[in-house]
Amino acid sequence: MGNSSATEDGGLLAGRGPESLGTGAGLGGAGAAALVGGVLLIGLVLAGNSLVCVSVASERTLQTPTNYFIVSLAAADLLLAVLVLPLFVYSEVQGGVWLLSPRLCDTLMAMDVMLCTASIFNLCAISVDRFVAVTVPLRYNQQGQCQLLLIAATWLLSAAVASPVVCGLNDVPGRDPAVCCLENRDYVVYSSVCSFFLPCPLMLLLYWATFRGLRRWEAARHTKLHSRAPRRPSGPGPPVSDPTQGPFFPDCPPPLPSLRTSPSDSSRPESELSQRPCSPGCLLADAALPQPPEPSSRRRRGAKITGRERKAMRVLPVVVGAFLVCWTPFFVVHITRALCPACFVSPRLVSAVTWLGYVNSALNPIIYTIFNAEFRSVFRKTLRLRC
């Protein structure tokens, strides 16, 4: 049971050997189908994900923390379409026979591992970012620096997972040059655990906690807004003072809202802020107004999540669900072949789950178009400008 056969070892481009699809397919039958399907897939991935990147870069309304990660995810899919899919399609057209150099095969394996891992890690990074924004708002930075650092970390970790392949791990004695696959079973297990089986449960747990916290926050905000509504008297009698506005003084205009907590007021001229009439009763009313403590006001501002961010978050469960549907079969087959060399896995099944995984790279722009009205309108605007 050597490690040089693609039917004995799983790889992120598993089954690239003469036995994977029978004899060389060339441009007849399966080879022609692979060529047409591959060209269409590459075109869809390039067009859709380029549109995502251009739209976010050109439209300020889309430049949100969540969409920074979506651009990073689109970049991983674009690199996959440029660096991996052409060679994958070439191998499929040849019936699974690798006719190029072993060194190019190792580079292909490393890029495939890195980009697949980067996609998963970017989804995990989104879950971490949203979890912090909802549950620890005081520590959340909306300016983008933390998000960019998190994105950089995802790419560095992805490169670290893939680096052993280009550092000689695939150079084993008796290697078959007609087969392009990962030659080390231990590394197959290691990369599968690091790239999929470990981050996916963590990501799902964080998303569950995030949306649970968001529902609680919105319910509390709704209750607080209703409790602050001023009560108007329904009949004759002295006016009822609003506990949130302080004592009632008929000679005074209503107090300026959030004068101490609004950051925009700090830029107004003093003359503008002092133009309301004043009287001794007004001074007394202002002194009697209950002021919330400063840390509490900062906490309310920090916990606020914009409507645009909430819209961006609604599409995330669909993106994660599509990713899991497309990649889970591949990784299950992938690790099964590594842990059970005696188990027979149909080469056509291996090819099918590999294609399914790559199809995911074309799905995300379609998901954004269907489930996010803001992305949809910007896509239309961008296409009109380019056409």
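Backbone N, Cα and C atoms are what each Cβ position is placed from, and that goes for glycine too.
Taken from Swiss-Prot, the feature topological domain 'Extracellular' covers 1-34 (among others), and the record attributes it to similarity to another entry.
If you look up Swiss-Prot, you'll see 35-57 (among others) marked as transmembrane segment, on the strength of similarity to another entry.
Taken from Swiss-Prot, the feature transmembrane segment covers 68-90 (among others), and the record attributes it to similarity to another entry. When Cβ-Cβ distances below 8 Å are used as the criterion, the transmembrane segment (68-90) is approached by residues 13, 34-35, 37-39, 41-42, 45-46, 49-50, 52-53, 56-57, 100, 104, 108, 111-112, 115-116, 118-119, 122-123, 125-126, 129, 144, 147-148, 150-151, 154-155, 312, 319, 354, 358, 361-362, 364-365, 368 of the same chain, each at least six residues removed from its ends.
Around S119 (Na(+) binding site), the same-chain residues six or more apart in sequence whose CB sits under 8 Å from its CB are L73, A76, D77, F323, N360, S361, listed in sequence order. The DSSP secondary structure for S119 (Na(+) binding site) is helix. Residues or ranges marked as Na(+) binding site by Swiss-Prot on the basis of similarity to another entry: D77, S119.
According to Swiss-Prot, the feature topological domain 'Extracellular' maps to 91-106 (among others), an assignment based on similarity to another entry.
Sequence-distant contacts of C105 (disulfide bond), defined by Cβ-Cβ distance under 8 angstroms and a gap of at least six in the same chain, are W98, N170, C180. The disulfide bond annotation in Swiss-Prot covers C105-C180 (among others) and rests on sequence analysis.
According to Swiss-Prot, the feature transmembrane segment maps to 107-128 (among others). Residues 11-13, 66, 69-70, 72-73, 76-77, 79-80, 83-84, 87-88, 150-151, 153-155, 157-159, 161-163, 165-166, 170, 180-182, 191, 194-196, 199-200, 202-203, 206-207, 210, 316, 319-320, 323, 327, 357, 360-361 of the same chain, all 6+ positions outside the transmembrane segment (107-128), place their C-beta atoms under 8 angstroms from a C-beta of that stretch.
Sequence-distant contacts of the transmembrane segment (147-170), counting only residues of its own chain at least 6 positions beyond either end whose CB sits under 8 Å from a CB of the stretch, comprise 65, 68-69, 72, 102, 105-107, 109-111, 113-115, 117-118, 121-122, 124-125, 128-129, 141, 182-184, 187, 191, 194-195. Annotation source Swiss-Prot lists transmembrane segment at 147-170 (among others).
Residues or ranges marked as topological domain 'Extracellular' in Swiss-Prot (evidence: similarity to another entry): 171-186 (among others). Taking DSSP states H, G and I as helix and E and B as strand, the topological domain 'Extracellular' (171-186) has 2 helix, 0 strand, 14 coil.
With a threshold of 8 Å between CB atoms, the same-chain residues lying at least 6 positions outside the transmembrane segment (187-208) that come near it are 9-12, 113, 116-117, 120-121, 123-124, 127-128, 130-131, 161-162, 164-165, 169, 316-317, 320, 324, 327-328, 331, 334-335, 337-339. Look at Swiss-Prot and you will find 187-208 (among others) tagged as transmembrane segment.
Summarising the annotation, Swiss-Prot assigns transmembrane segment to 315-337 (among others) and lists similarity to another entry as the type of evidence.
Per-residue pLDDT, averaged over the topological domain 'Extracellular' (338-346), rounds to 91. Annotation comment: Swiss-Prot describes 338-346 (among others) as topological domain 'Extracellular', evidence class similarity to another entry.
Residues near C343 (disulfide bond) in space but far in sequence (CB under 8 A, at least 6 apart, same chain), listed by position: T336, R337. C343 (disulfide bond) falls outside any helix or strand according to DSSP and counts as coil. The disulfide bond annotation in Swiss-Prot covers C340-C343 (among others), and the record cites similarity to another entry as its basis.
Residues annotated as transmembrane segment in Swiss-Prot, with similarity to another entry given as evidence: 347-369 (among others).
Residues or ranges marked as S-palmitoyl cysteine in Swiss-Prot (evidence: similarity to another entry): C387.
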Of these disulfide-bonded residues, C180, C340, which scores lowest on Cβ atoms within 10 Å?
C340
For the topological domain 'Extracellular' (91-106), the DSSP helix/strand/coil residue counts are 8 helix, 0 strand, 8 coil
